[in-house]
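Written out below as structure tokens is the structure these notes cover.
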Amino acid sequence: MREDIQCLRGLAITFVYLYHLHPTSFVNGFLGVDIFFVISGFLMAKNLTKNKITKVTDFFIFYYKRFKRILPLYFLVIFVTVIMVQRFLGEFWWWTNWRYSVASLFVVTNHLVITDSADYFKQFQTDDKSPNLFLHLWSLGVEMQFYLIVPFIFFALQILRKDILKFIAVILTTIIGCVPFLLLNQHFSFNFMPLRLWQFAAGFCALFYRRLRESSKETSVKTENATRKSEQKLKSPIGKEDVITVFVAILSFSIFPKPVDIQYLRPLVTFATAVVIAAESKDNQILKTQFLVYIGNISYIIYLVHWPILSVFSIRSSFQGDLFVTLLTLFTSIFLHHLFEKQYLKLGWKSITSLLLFLILVNSALQYSIRSHEFWKPHYPEEVQKMIDENWNLQDVWKKEPEIDKCVESKEHDPWRDTFDYKYCLYPPGKGNFSIMMIGNSYVKNLNEHVRAHFHYNYSEYRYSSITGGHALYVDKNDRYPVDLHRKQVEKYKPDVLFITARYSDTLKRSIQPNDTLVQEMNDNIAFYEKFVKKIYILNALPLFKVNFLNHFMQYIIQEREDLESLHLDQKVADKEKLNAVKRFSMMKCSKCKIYDLSPTFLENGKYLAFNRDRMLAYVDNLIHVTAPGLALFEKMFEDNAREIMDTI
């Protein structure tokens with residue numbers, strides 16, 4: 001194997017590892033996976049162009065070599081990882097890991113990620129900050145699905161007899177394939193193999209460029225020595241190795257500590273990787289570093305084992321902790337490389353087939369056992385178990401609260417848009433003389449009953465409308481439907497009081513520009529609502545606790561109880577994170593609006609509290625909805641708002 005390619009692999013796995021170790025410091029490190037995809041494309045192109053694909057057996061030989069290289073180690077790591085889940089993680093993490101372990105056994109983790117990312121109430125399972133120990137295997141799913149189709153691609157390319165035509169074909173594939181990848185939904189395109197094909201094709205480009213360059217060298221003619229001596233030659237001040245150094249430097253943007261627009265950086269890193277591979281450097285110092293060569297040799301194993309190790313043993317970040325998980329990852333990878341990987345690669349097809357069947361069998365038996373046998377169930381001290389049970393019941397609090405009044409109307413939705421989590425409700429008539437409507441996203445369901453209770457039925461009508469992406473004030477993810485739905489409902493029902501209740505997306509937290517288009521959009525929607533209502537109450541941006549917080553909190557109770565205080569948010573950091581959202585609210589032009597802020601209810605001594613210290617109960621759940629103990633903090637604000645409305649409307 002070429003040293004420069006192994007060094008590229010070493011760089012790629014280093015970028016990925018640093019990103020997973022410190023995602024806020026190495027925010028672009030995930031691009032290491034993109035480097036791997038380009039390398040895979042080049043190597044598959046190299047293998048499949050050595051000889052023509054003419055028989056069915058040629059396909060099977062290719063598949064056998066790929067499966068032999070990848071699957072034994074892959075299945076072994078899945079087996080050990082399932083045991084790690086059962087031994088080291090609380091039961092509240094099990095269901096997610098069980099689902100993803102089965103998907104990984106069928107090498108379709110990427111498709112499960114796509115499905116869960118599209119489901120609001122499952123998307124937290126795909127969060128890369130949670131101990132889903134199989135989440136990283138999405139890229140292996142993409143790779144294996146690519147291997148299934150790549151021999152057919154090169155079988156088709158054989159129709160083109162000249163390398164220049166093949167080169168043009170793969171360049172067009174790369175360019176055309178890049179466009180939908182950048183334009184479509186990020187979670188979908190990120191995990192869907194056909195939309196990643198352009199990066200593998202970039203590796204094809206590197207291969208065919210090299211073939212064209214080698215053939216052109218064969219036709220070159222040397223000039224006579226006398227002529228050379230008599231002519232003064234001009235030499236370029238920039239050599240080949242200088243160019244390679246520039247493109248290697250571009251790859252280093254993957255560990256740049258500030259986010260770089262991924263729409264530009266991903267194609268740039270992909271192109272730079274293809275250029276470095278095509279150039280085949282012999283003298284670049286970085287690309288012949290023996291340490292990087294060795295890391296490249298074990299990069300596949302490092303990728304397989306690093307995420308389970310980080311997820312289990314890196315619950316709290318510190319220098320000692322980082323050093324421990326890094327050394328454990330390296331030692332585990334070296335051990336598996338020399339004592340397992342190197343050994344099974346020497347085996348013949350019969351032995352490999354037997355090994356794979358054995359690994360599939362023991363994985364199947366383990367999947368059955370963890371679901372059926374009490375042996376795996378953890379046993380905690382009674383006090384700890386009680387805290388876990390009480391916190392576990394805090395998830396999706398509105399589903400567990402008693403239903404005070406049944407809805408008299410509950411249909412207000414286009415049935416063709418059932419991909420949205422939608423809920424509409426009109427309560428029985430009250431005894432007051434003004435109407436109320438609450439619109440927004442799932443925070444409507446989260447807060448609604450606690451807001452309504454303080455009116456004590458002193459309203460004529462009370463209804464709410466909750467929909468995924470329903471921020472009411474702006475369009476998110478280029479989908480107007482939630483905003484348009486809320487506008488139609490407000491125009492139709494003309495409530496006296498309108499509550500806009502939402503946890504706002506990252507869209508609202510973008511940098512504020514001169515003549516900010518988002519502020520203009522918010523003002524346009526506010527002006528529309530003002531035509532039909534007397535008063536608007538808008539929930540301000542809340543401090544951002546991390547997704548899967550409830551499970552993390554319970555894991556700390558089990559493993560790191562002395563460090564629970566680290567889960568509270570630093571006020572300065574949290575306020576900076578939501579600063580642009582707060583500023584945009586202040587820039588709105590609205591004579592009928594009151595923007596109320598619930599953030600101070602969490603605040604104590606410069607910290608936004610994440611849990612009740614006395615009762616050891618979390619204030620937010622896994623989807624960052626507010627739990628019952630957190631809602632108790634809001635009651636005074638809800639009461640003040642209700643009293644103000646009843647006194648003035």
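Just so it is clear, glycine is given a Cβ too, placed from its N, Cα and C backbone atoms.
The feature domain 'Acyltransferase 3' is assigned by TrEMBL to 4-332.
Feature annotation from TrEMBL assigns transmembrane segment to 26-45 (among others).
Among the features that TrEMBL reports, transmembrane segment is placed at 70-89 (among others).
According to TrEMBL, the transmembrane segment annotation covers 133-157 (among others).
For 164-183 (among others), the entry in TrEMBL reads transmembrane segment. Cβ atoms under 8 Å from those of the transmembrane segment (164-183) belong to residues 157, 189, 195-199, 201-202, 204-205, 208-209, 212, 263, 266-267, 270 of the same chain, restricted to positions at least 6 beyond its ends.
With a cut-off of 8 Å between Cβ atoms, the residues of this chain six or more beyond the transmembrane segment (262-279) that come close are 4-5, 8, 28, 31, 34-35, 37-39, 42, 178, 182, 198-199, 202-203, 205-207, 209-210, 213, 240, 243-244, 247-248, 250-251, 253-254, 287. Residues annotated as transmembrane segment in TrEMBL: 262-279 (among others).
The transmembrane segment annotation in TrEMBL covers 291-309 (among others). Non-local neighbours of the transmembrane segment (291-309) in the same chain are 3, 5-14, 16-17, 20, 36, 70, 73-74, 77, 80-81, 84, 133, 135-137, 139-140, 325, 328-330, 332-334, 336-337, 341; each lies 6+ residues outside the stretch with a CB under 8 Å from one of its CB atoms.
The transmembrane segment annotation in TrEMBL covers 321-340 (among others). Long-range contacts of the transmembrane segment (321-340) within the same chain, counting only residues at least 6 positions beyond its ends with a Cβ under 8 Å from a Cβ of the stretch, are 17, 21-22, 72-73, 76, 297-298, 301-302, 305-306, 309-310, 313-314.
Feature annotation from TrEMBL assigns transmembrane segment to 352-370 (among others).
The domain 'SGNH' annotation in TrEMBL covers 419-639.
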In contact by Cβ distance (the transmembrane segment (133-157), the transmembrane segment (70-89); 3 or more pairs under 8 Å): yes
Residues from the same chain, set at least six apart from the ends of the transmembrane segment (26-45), whose C-beta lies under 8 A from its own: 5, 8-9, 11-20, 139, 142-143, 146-147, 150, 154, 196, 199-204, 206-208, 251, 253-260, 262, 265-266, 269-270, 273-274, 277, 299, 303
Positions on the same chain near the transmembrane segment (352-370), where near means CB under 8 A and six or more residues out: 67-68, 71-72, 75-76, 78-79, 82-83, 86, 94, 98, 101-102, 105, 344, 376
